[in-house]
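Colleague: I'd like to ask some things about the structure below.
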Amino acid sequence: MSEQYILAIDEGTTSTREIIFNYAGQQVASVAREFTQYFPKPGWVEHQAEEIWNAVQITTSTALINSAIRPDQLAVIGITNQRETTVVWDKETGRPIYPAIVWQSRQTSDIAEKLVKDSYSEMIRQKTGLVIAPYFSATKIRWILDHLEGAQERAEKGELLFGTIDTWLVWKLTRGKVHVTDCTNASRTMLFNIHDLTWDQEILDLLKIPRTMLPEVKSNSEVYGETDPYQFFGGRVPIAGMAGDQQAALFGQLAVKPGMVKNTYETGSFIVMNTGEEPIESKNNLLTTIGYKLGDQVNYALEGSVFVAGSAIQWLRDSVKLLNSAPESEQAALESKDANEVYVVPAFTGLGAPYWDSEARGAIFGLTRGSSDKDLIKATLQSLAYQTRDVVDTMQKDSGIEIPVLRVDGGASNNNYLLQFQADLLGKKIERAADLETTGLGAAFLAGLAVGYWQDLDSLKEIAKTGAAFAPKMEEAERDRLYAGWQRAVLATRVFAHGKDF
């Protein structure tokens, strides 16, 4: 029998990547394709779900061709995806009735604000582990049903289906035969009770969302169905592992013990701590969520979501034209002569954890006549580290666990300047994953375990290795001074946006 491989579909916010892994966890092929971002109004972010599906088809076929691997050589497919992004489609035609509303989008702020005003915050936090925010899928579904004529009635008749991107891709791969999600993606909808692991009827009734729209919720590692040959180059391949991108990265880093933490620097930055089999309720605006579910065992997590991280570097490149490429930011930061006096608060779509302020907007502080482009680039890079410290400090306070090491992955973790500054600012060791594509690796691990490609967690430990490590070098007094400046900058940004003090 010829060697078998695993295909991981890593569907992100700005691009789709397909990675083919072998048994040793090595990448045999990796192909990425960007798709269009739509900004119909200020603060709105949308995707075309069919464009995402087309990107998956193109990258899959290219990966298979480049590696000379046939569909029948794929043992299994794993999927990981941008979370919360919401698609509603016609059950019969399979066509979306509205563009996908992206997790970053603020077009549903009014719905979230009304829920807060009507005093539903505590009920929703207790059931879902989440704060009320336009970030999550629930308000996005409600917005679509409100703004498309006849959509509410059609939903009540069972004519419309909802899914996050994982659900949409499984639906397409199986040619409409399977409508499922996994518990990590479900836990990001603001509709899922993370304690009894079911869609919460009280919240569904509150938002008038028919239960018939919602997918069946499965574990992260089981066979959900198989590809339809028409949709997958003539092959029938089991789809058997699925997780939201940040939970997939947690699993890809094998952060499987309570207290283990990872940070993924991508479009946003997402710090996730494994808290074990009991959920920890945050007192400081972190999210209590599901880390992963294997069989009947659920592992919970605390998460701090930063909305703008790598996308701040893209802003420097694409909008203000200070960079030709993102990797140039490292050398620019090293050449900066300023004494870390400039602060960039990249609240382009509001502030995430622990502030949850959707009205805040980006700002720059500390400029002088001598400030240069390199100073601005360095300050933007540093903003990723400052926002991470906001979350790590809060996470330690909520959990009572001192975090000795932060494991990192994602595109921006290639930047050595960023990781050294992160270590300095936290006063903690930073370990970079040897394979930065830990989201795809996590999806592959989950899928492989489901079909016996790998037997158990022990067999994965030789694959998930760490690469370079960064130890803190900064004096504590300097660390505290810099962070105090960041806190003043964030406060000033919020005061400006709201016209009041905090």
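Positions of Cβ are set from backbone N, Cα and C atoms, glycine also.
From Swiss-Prot, here are the annotated features:
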{"type": "BINDING", "residues": "Thr13, Thr14, Ser15, Thr267, Gly310, Gln314, Gly411", "note": "ATP binding site"}
{"type": "BINDING", "residues": "Thr13, Arg17, Thr267, Gly310, Gly411, Asn415", "note": "ADP binding site"}
{"type": "BINDING", "residues": "Thr13, Arg83, Glu84, Tyr135, Asp245", "note": "sn-glycerol 3-phosphate binding site"}
{"type": "BINDING", "residues": "Arg83, Glu84, Tyr135, Asp245, Gln246", "note": "glycerol binding site"}
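Situate these features within the shown structure.
Modeller: Counting only same-chain residues at least 6 apart in sequence, those with a Cβ under 8 Å from the Cβ of Thr267 (ATP binding site) are Gly12, Thr13, Thr14, Gln104, Val308, Ala309, Gly310, Ser311.
Secondary structure at Thr13 (ATP binding site), taken from DSSP and collapsed to helix, strand or coil, is coil. Thr13 (ATP binding site) counts 22 other C-beta atoms within 10 Å of its own C-beta, drawing on all protein chains shown.
Here Asp245 (sn-glycerol 3-phosphate binding site) comes close to Asp10, Gly12, Thr80, Asn81, Gln82, Arg83, Thr264, Glu266, Phe270, Thr439: these same-chain residues lie at least six apart in sequence, with C-beta atoms under 8 angstroms from its C-beta.
In the three-state DSSP assignment, the secondary structure recorded for Gln246 (glycerol binding site) is helix.
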Colleague: Near Arg17 (ADP binding site), which residues of its own chain have a C-beta under 8 A away, given they sit six or more steps off in sequence?
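Modeller: For Arg17 (ADP binding site), the qualifying residues are Asp10, Ser30, Val31, Ala32, Arg33, Thr59, Glu437, Gly440.
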Colleague: Please give the greatest C-alpha separation between any two of the ATP-binding residues Thr13, Thr14, Ser15, Thr267, Gly310, Gln314, Gly411, in angstrom, as a whole number.
Modeller: 14
Colleague: DSSP on Glu84 (sn-glycerol 3-phosphate binding site), three-state: which is it?
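Modeller: Going by the DSSP assignment, Glu84 (sn-glycerol 3-phosphate binding site) belongs to neither helix nor strand, so it counts as coil.
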Colleague: Roughly how many Å separate the Cα of Gly411 (ATP binding site) from that of Gln246 (glycerol binding site), to the nearest whole number?
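Modeller: Cα-Cα, rounded: 14 Å.
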Colleague: Out of Arg83, Gln246, Gln314, Asn415, which of these binding-site residues shows the lowest number of other CB atoms within 10 Å of its CB?
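Modeller: If we count Cβ atoms within 10 Å for the binding-site residues Arg83, Gln246, Gln314, Asn415, the smallest count is at Gln314.
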Colleague: Give the sequence-ordered list of residues that share a chain with Glu84 (sn-glycerol 3-phosphate binding site), lie 6 or more positions from it, and have CB atoms under 8 Å from its CB.
Modeller: Trp103, Tyr135, Phe136, Ser137, Lys140, Thr164, Arg188, Thr189
Colleague: Taking only the Cα atoms, work out how far Asn415 (ADP binding site) lies from Gln314 (ATP binding site), in Å, as a whole number.
Modeller: 14
